Amino acid sequence: MVIPPWENQTTIAEFVLRGFSSIRQLNIFLFMTFLVFYILIVSGNILIVLLVFFSHHLHTPMYFFLVNLSFLEIWYTSNIVPKMLLIIIAEQKTISVAGCLAQFYFFGSLAATECLLLAVMSYDRYLAICQPLQYPILMTGPLCIKLASSSWLCCFLLTAITMVLLSRLTFCGPNEIDHFFCDFTPLVHLSCMDTSLTETIAYATSSAVTLVPFLLITASYSCILVAILRIPSGTGRRKAFSTCSSHLTVVTVFYGTLIATYLVPSANSSQLLRKGFSLLYTILTPMFNPIIYSLRNRDIHEALKMCLSKKPSFLLG
């Protein structure tokens, strides 16, 4: 009986995340920068969640989906950044195989969920602009809950398929991952088994949860554009466009960074550049989302003013 080559090799128990070891002289600067960004991401998205929760005039489908997106961004960033900060400042670079697989699972699931949530939000804007009279009847509370919950459930289940296949792989060394988190490609490259099935299924599932929502978003905004151009007054067109401009900006930033990241060549010379692009969708995009949605949003401004104008109960005499 022929013994597979990996049977004679020692299975590793942990990985080493190299992070930004090639620019170690910038460790303090990187740590402080990423720490500030992380605090801004968490505080900004928590602020949006609280504003929507406590402001009754924000209890609409659009803000319900925005709360889901903000909650996702908090979890998404917290899955990666704290460990990255430890790698940078304490040089605690090791992570167990189980911990690495868990980090990839949550990263993949949350990234896929964001794609579906953005598609759901574009559908909401399509109904609001293209079918305004039927919008309250079509986009009901139960439907919003079903759309959001199905987005979460579908993506976590799909990513679980890839996760199961990854967990069945044997990792024999080397155990160094030249990245600041556990992504799919570096993981499969460290396996000493045949990974063709795992890569094929991962490619199929990732394509489904990125391309299909992107096509739905494109179709929704094509209809929205046509509807806006049919509005006779310039004021009406600007008002209609303002209701979806924030979401369109977030979609552009999110998909733009994903495309830029995975179109970069995988050669060693571009690895630092790949890490830089990865930072765009793991840190900058989650940080910009609350800024984009609140910068020109009159409802958010009013909710924030109302909260700031309320006196604490212990000051009321």
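Even glycines carry a Cβ here, placed using N, Cα and C.
Positions annotated as domain 'G-protein coupled receptors family 1 profile' by TrEMBL: 44-293. Among the features that TrEMBL reports, transmembrane segment is placed at 28-53, 65-90, 102-123, 143-166, 201-228, 240-264, 276-295.
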The transmembrane segment (28-53) in contact with the transmembrane segment (276-295), cutoff 8 A, at least 3 CB pairs, sep 6+: yes
Range from 102-123, 143-166, 276-295 with the greatest count of C-beta pairs under 8 A to the transmembrane segment (240-264): 276-295
